[in-house]
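Participant: Just dropping this structure here.
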Amino acid sequence: MLLFLLSALVLLTQPLGYLEAEMKTYSHRTMPSACTLVMCSSVESGLPGRDGRDGREGPRGEKGDPGLPGAAGQAGMPGQAGPVGPKGDNGSVGEPGPKGDTGPSGPPGPPGVPGPAGREGPLGKQGNIGPQGKPGPKGEAGPKGEVGAPGMQGSAGARGLAGPKGERGVPGERGVPGNTGAAGSAGAMGPQGSPGARGPPGLKGDKGIPGDKGAKGESGLPDVASLRQQVEALQGQVQHLQAAFSQYKKVELFPNGQSVGEKIFKTAGFVKPFTEAQLLCTQAGGQLASPRSAAENAALQQLVVAKNEAAFLSMTDSKTEGKFTYPTGESLVYSNWAPGEPNDDGGSEDCVEIFTNGKWNDRACGEKRLVVCEF
């Protein structure tokens, strides 16, 4: 109320001309209502004053602080699906799942075609000796066996009676020179020789003086006794040499040799193809082992067992397939083939090997086997 009275007082104090000019100015304006500029009121309160003019625009103020963010609008409608992107990298392998239950067994398939026979494997180690079996029934008498190996030389027996003169033997090898013996007594005079060719007649000589009568000659019996003593001494030396040779042969054969009858099997322990093995034995003065009896085969088997290696034999069927012969070309007089052998597996088995069990098998000559020479 007080503000209203102050406004009326200001209007009354203004000059009349000024008021009229102001009224004219405002009369030209479009007035929506008669009470727009002058508020209508009762007579008691007086007229309100006019609005003042707008002042000049002041300088721009500093930028105010940002207002609080408005409330988020509602989510818009989803846009159209974009194009398919490139394939991503494979992810890491996941952990294996639990093992599934065993499915039912399927029906048995048809039997496959038998594969080709594999190559014979290496020789296995000799098995342990099995338990002794029960004695079987007594068999029939077998054929007479071969002559066994010569036994050890026995001790010298008592001197027997002189036997009849034997046939002249084959000259023996030259023995070791013995010590020089004592000079023997002069032998009996031999028979007179046949007269020589007649020489030219010589000059007649003077008659000589008769010589003294010679001494009586010794009897021939002591000469026979002396010869007998010499023969006995030579026999003792021969026996000594034979014993020494037998002992030397045993030492030489141990442990890589075997003697049976007049044969000696010897190995140096190395393995070679057949051709090289054959050449080595030939250069040493022998040939590859050629067992011609069960005894010789058993002696050779001992060397094979000691070395635990199969060994080549000298026989081949390179000339006629299936017909094995010795190096001399003669047919076999003894054989000890394993069951089902020889079978010429692969069409290239022309040589023979002996296993640790003493059985024979045909084998390719290019394979390497133990070298055993025969002397």
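Here the Cβ of each residue, glycine as well, is placed from N, Cα and C on the backbone.
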Participant: Looking at the disulfide bonds in Swiss-Prot, identify which of C35, C40, C281 pairs up with C373.
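Facilitator: Partner cysteine, according to Swiss-Prot: C281.
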Participant: Which of these links to C365 by a disulfide bond in Swiss-Prot: C40, C351?
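Facilitator: Answer per the record: C351.
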Participant: Given the ranges 13-42, 223-252, 283-312, which one is assigned the annotation coiled coil in Swiss-Prot?
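Facilitator: My reading of Swiss-Prot: the coiled coil range is 223-252.
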Participant: Distance between P78 (4-hydroxyproline) and C281 (disulfide bond) at the Cα atoms, whole Å?
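Facilitator: So the Cα of C281 (disulfide bond) lies 100 Å away from that of P78 (4-hydroxyproline).
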Participant: Are any of N90, P96, K99, C373 (the recorded positions) within 10 Å of C351 (disulfide bond) when you go C-alpha to C-alpha, and if so which?
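Facilitator: So the list is empty; none.
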Participant: Ten-angstrom check, please: count other Cβ atoms within 10 Å of the Cβ of K87 (5-hydroxylysine), all chains counted.
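Facilitator: Step by step: centre on the Cβ of K87 (5-hydroxylysine), count other Cβ atoms within 10 Å, giving 6.
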Participant: Tell me which residues of the chain lie with their Cβ under 8 angstroms from that of P96 (4-hydroxyproline), as long as they are six or more apart in sequence?
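Facilitator: Result: none.
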Participant: Of K87, N90, C365, which is closest to C373 (disulfide bond) if I measure between C-alpha atoms? They're all recorded positions.
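Facilitator: So, of the listed recorded positions, the one sitting closest to C373 (disulfide bond) is C365.
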Participant: Across all chains shown, how many C-beta atoms besides its own are within 10 angstroms of the C-beta of K99 (5-hydroxylysine)?
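Facilitator: Taking all protein chains shown, K99 (5-hydroxylysine) has 6 Cβ neighbours within 10 Å.
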